[in-house]
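Marked as transmembrane segment by TrEMBL: 50-68, 80-100, 164-187, 232-254, 304-322, 402-421, 492-512, 588-608, 614-635, 689-712, 719-736, 742-761 (among others).
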Amino acid sequence: MARTEVERLIRDSGQPREITFVELFFDLAIIFALMQLSRRFLHDFGWENSLQTLVLLAAVWWLWVGAARTTDWLDPDEPFVQRIVIGMMFAGLVAAAAVPEAFGEHGIVFAGANVAAHLVRHLSIVAVLHGHPPAARSARAATWFGATAPLWIAGAFLPATPRLALWSVAVALDYVGVGIGWRVPGLPLLREQHLRVQGDHFAERHRQVFIIALGEVVLASGIALSKTDLDIVRVGAFALAFAIAGLMARAFFLPRGLPLRDALDRRPASAAIRASYTYLIMVVGIVVTAMGAEILISEPLGEARAVWSAAVLAGPFLYLAGRALYARALFQRRPWRAGVGMLVIAAVSPAMVRLPPLAVGGAVGAVLIGVVLSYGRIGPEPVRAGTPLERLTRKRKDPRELSAYELFFDLAMIFALARVSQRALADLSLVNVAESLVLLAAIYWVWVATAWSTDWFNPDEPRLQRLIIVIMFAGLLMAAAVPTAFGDHGLLFAGAYAGIHIVRGLVLVPVLRGSPLQARSARVLVWFSVSAVLWLVGAFLPVPGRLALWAAAIVVDGASAWFGWPVPKLRAPSAHLKVIGDHIAERYRQIHIIALGALVVLSGQAYSSAGFDYVRTLAFAVAFASATVMLWNYFLPSGRDLGTAVNTGAPRIAVAAAYCHGIMVAGTVAVAVGAELTIRQPLGRANAVWSLVIMGGIALHIVGRTLLGVVLYGVHRPWRGTLALLVIAGMAPGLLRAPPLVVALATVVVAFLLTLSYRNVVVPAQQPGP
């Protein structure tokens with residue numbers, strides 16, 4: 001029987017449970033929220049501030065849980081559900097921006113955004129799905145959130161201490177409400193099946209947000225490193241913080257053979273609630289770990305302070321506590337390994353107060369290594385059949401499913417893109433913009449080469465996983481050097497770039513001995529070795545020569561990929577240059593969304609520091625609208641499949657897709673620069689350079705999107721994108737004399753109209769690429 005339009009909103013149990021693009025976009029907002037909370041912890045180590053921050057963190061986490069449940073019960077591919085998720089995301093970002101002064105002058109902003117996110121979501125579902133089970137569930141949830149709303153709002157007008165008391169009661173009731181199935185006197189209890197979640201989807205959402213939360217540790221560590229002189233001690237401290245984050249990630253996936261999805265499907269509906277509770281404790285540990293990482297990198301050999309030592313120790317301790325409760329509550333296991341780790345941390349704590357942060361971090365790292373190694377033989381071993389060559393070249397079962405390592409690696413791009421954006425913002429001269437574009441191209445090409453490596457080879461092979469982590473670390477060093485890459489740290493940037501490509505080749509080529517694929521990797525290594533010389537020589541030249549040589553190196557890298565890395569006497573069939581279309585398409589989509597996530601994070605930071613007046617709130621809303629429109633524009637018209645285009649085209653189609661996505665990423669970085677300018681001075685004096693940057697970002701994204709349609713989908717008359725570009729060009733003379741907010745608003749309206757024009761486009765059968 002055909003489902004009605006309303007019934008289609010309800011997620012069918014037989015639907016695929018993959019994480020959709022709008023869910024990933026929403027989850028990236030958690031990075032900004034966790035950054036704000038980590039800095040709030042760092043600002044004041046007192047008990048009152050710590051309790052206040054914990055209450056704020058609990059409220060932010062419950063916003064995420066609410067969104068995850070919404071997309072588990074409703075179909076996230078439906079526009080109505082997507083609008084709910086995007087609305088919740090905007091409210092969550094406003095709440096996160098208010099975190100620093102949530103117990104000060106911006107309490108009503110945090111409380112209002114938090115209440116609105118929950119009530120609008122549930123009341124919208126009640127209105128649209130009236131008469132269906134989701135409406136009954138949301139009506140009860142709205143009753144509970146409506147009951148706590150007065151506590152949130154009233155608390156916002158009270159001094160800090162009574163506000164903390166009221167908000168603590170409110171957040172406790174929010175947690176209790178879902179825990180008891182949102183029982184309401186006079187209404188029948190909800191049935192068990194109406195409270196259940198789909199185990200595979202809900203587990204995947206929790207896995208994804210955990211990895212993204214760990215990405216915040218990496219981001220906070222990178223920001224702290226970039227503010228230093230990048231001396232050997234601080235780079236070592238950064239390596240230690242990075243290792244701690246990696247060990248926490250490794251411990252999360254151990255022991256093997258205990259998937260959360262099975263526990264959720266076998267156990268009562270309350271198991272999902274317990275999962276969210278225990279994840280909260282782990283997330284608290286991650287936030288505190290990020291705070292400790294900043295101390296560790298900023299003051300590695302600083303004086304011994306008890307509060308610093310406690311900050312470095314507390315994060316991993318809380319994480320292990322959450323990990324232990326998770327194992328006990330979901331799998332009924334006795335988590336003695338995590339417990340022993342906690343006891344060891346507690347036992348060494350008195351001695352740690354006399355040591356500098358670097359030594360304390362080293363002790364924490366040693367404890368985490370012990371915990372991870374103790375899990376080594378627990379659970380079924382991964383498949384090891386075959387030679388190292390066979391394991392490395394074994395294809396994945398589901399090409400569209402990206403590994404945790406790939407997501408973790410891609411999150412580092414948020415830090416890298418943020419550094420490039422900040423560099424461009426500091427000086428909008430043509431020379432600095434050109435330098436920033438060269439650095440951006442280098443960072444992006446590291447990502448492209450790594451994405452192709454995980455496409456050509458098995459990302460579940462430990463050798464490749466270790467290589468991904470090493471490349472990620474070197475890429476973060478590149479990003480940290482971005483502000484002074486054309487100054488004192490040019491050699492660090494160039495050395496990291498060259499080292500990434502050469503080390504990757506030196507690791508892979510020997511393993512591929514005896515395989516026809518060895519010639520391909522050897523050819524790639526030869527060409528990257530050529531560009532490495534240009535990078536390293538350029539690092540010793542003055543700025544003009546360095547810029548010229550590095551630009552030439554980028555051209556060499558990009559052109560050699562287009563021509564298949566030709567090397568005399570090292571021939572390989574063109575088939576060996578093909579990528580798996582479904583996989584590489586997912587990677588391109590993911591990096592596009594992550595670039596938009598960087599835009600949202602930077603806009604949120606600017607909004608939080610600039611203030612919460614109506615004009616700046618409008619400017620932030622315009623920046624968020626820009627990111628949302630660019631997201632939807634990318635996926636329209638529906639019916640086109642990038643994976644099919646890559647699979648049916650020549651090998652260089654994947655290279656062309658990389659070029660097009662690189663242009664869109666560059667446009668997103670420019671939009672981020674323009675967003676910060678707009679939020680800081682929305683009605684400031686007209687500035688022609690500022691106006692060109694604001695318009696240029698959206699225009700560059702439209703160029704990349706239009707070229708993608710022409711090159712990959714065979715669009716012969718791309719009139720929509722061309723018309724949008726002409727409209728922006730036509731408006732430019734007038735907008736050069738307008739304040740930033742007017743420029744941004746006019747430009748995003750053009751992008752919005754372009755997106756609307758794609759909605760009703762009928763896509764013909766997929767055509768092979770040229």
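Each Cβ is built from the backbone N, Cα and C atoms, and glycine gets one as well.
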Two-stretch contact, the transmembrane segment (614-635) and the transmembrane segment (719-736), at least three Cβ pairs under 8 Å: no
Contact call for the transmembrane segment (80-100) against the transmembrane segment (50-68), three or more Cβ pairs under 8 Å: yes
Considering the transmembrane segment (164-187), which listed stretch of 50-68, 402-421, 492-512, 689-712 counts the most C-beta pairs under 8 Å: 50-68
Distal contacts, the transmembrane segment (588-608) - CB-CB under 8 A, six or more residues away: 21, 24-25, 28-29, 31-32, 35-36, 93, 96-100, 402, 406-407, 410-411, 413-414, 417-418, 421-422, 447, 451, 616-617, 619-620, 623-624, 626-627, 630-631, 634, 642, 657-658, 661, 664-665, 668-669, 671-672, 675-676, 679-680
Long-range environment of the transmembrane segment (402-421) - Cβ separation under 8 angstroms, sequence gap at least 6: 28, 31, 207-208, 211-212, 214-215, 218-219, 222-223, 226, 249, 253, 436, 439-440, 443, 447, 450-451, 454, 459-460, 465, 468-469, 471-472, 475-476, 478-480, 482-483, 583, 586-587, 590-591, 594-595, 597-598, 601-602, 665, 668-669, 672-673, 676
Remote residues contacting the transmembrane segment (689-712) - C-beta distance under 8 A, at least 6 residues beyond either end: 428, 626, 630, 633-634, 642, 645-646, 649, 653, 656-657, 659-674, 677-678, 718, 720-722, 724-725, 728, 731-732, 735-736, 738, 740, 743-744, 747-748, 750-751, 754, 769-770
